[in-house]
């Protein structure tokens, strides 16, 4: 069944706004697991704008599920990842001026560096994912780099405003899923997904995992953290089951 990775970055964003000790991302991670999260995702950025090094080290030994650590392809971040040894590392692009990750990693344009990073992490026993746009060229480059997993950037789908654009972007994601599977890759997806748009993506056969954070944190203000996580997971599972029944 499709899995939910709960991204806790914006729990840390709220904390860092006042440099307080609360809300605690560790507590958010453990509560998310209790509410049905299949893994916990967190992004240690170079600018440390939300998740801090201490969060990563504190959360890692406490999780009962998987830790998916997002980080840039830099010596510092790769060193931290190898020290922490999460089950998964997702390599992502970073710009200091961006509000959130603006696009996928250009694997094709940095083939050697990404390949070296994938090999380094794999030798440390870490499964590597590459966060890329739903583009055949990038998928092929990810396969050449030796990454066993890709995460498709769903931002363009999430930002599409009219039905024609939504359907076009969804078709693009669907084609990318098929291309990833053709290369023997595990295919995940995420970015910009929320309670109103997640089901169309969750219904796509071949997507193993969705990573979602901002929408869950936002909804938790009104519904509470546990319910926000449970409701997102329920939407995903319902969509996948309906799709399976439709194909039967």
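Each Cβ is built from the backbone N, Cα and C atoms, and glycine gets one as well.
These features come from Swiss-Prot:
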ACT_SITE  43  active site, proton acceptor
ACT_SITE  70  active site, proton acceptor
ACT_SITE  191  active site, proton donor
BINDING   7, 18, 192, 213, 214  3-amino-2-oxopropyl phosphate binding site
BINDING   9, 10, 45, 50, 100  1-deoxy-D-xylulose 5-phosphate binding site
SITE      151  site 'Transition state stabilizer'
Neighbouring C-beta atoms (10 Å sphere around the C-beta of residue 45 (1-deoxy-D-xylulose 5-phosphate binding site)): 19
Euclidean distance between Cα atoms of residue 43 (active site, proton acceptor) and residue 192 (3-amino-2-oxopropyl phosphate binding site), Å: 15
Subset of recorded positions (18, 70, 151, 191) lying within 10 A of residue 10 (1-deoxy-D-xylulose 5-phosphate binding site), CA to CA, in sequence order: none
Recorded positions near residue 43 (active site, proton acceptor), in sequence order, restricted to 18, 70, 151, 191, 213, 214 and a 10 Å Cα cut-off: 70
C-beta crowding around residue 151 (site 'Transition state stabilizer'), within 10 angstroms: 33
Cα-nearest neighbour of residue 18 (3-amino-2-oxopropyl phosphate binding site) within the listed recorded positions, 9, 45, 50, 70, 151: 50
Rounded Cα-Cα span from residue 191 (active site, proton donor) to residue 213 (3-amino-2-oxopropyl phosphate binding site), Å: 8
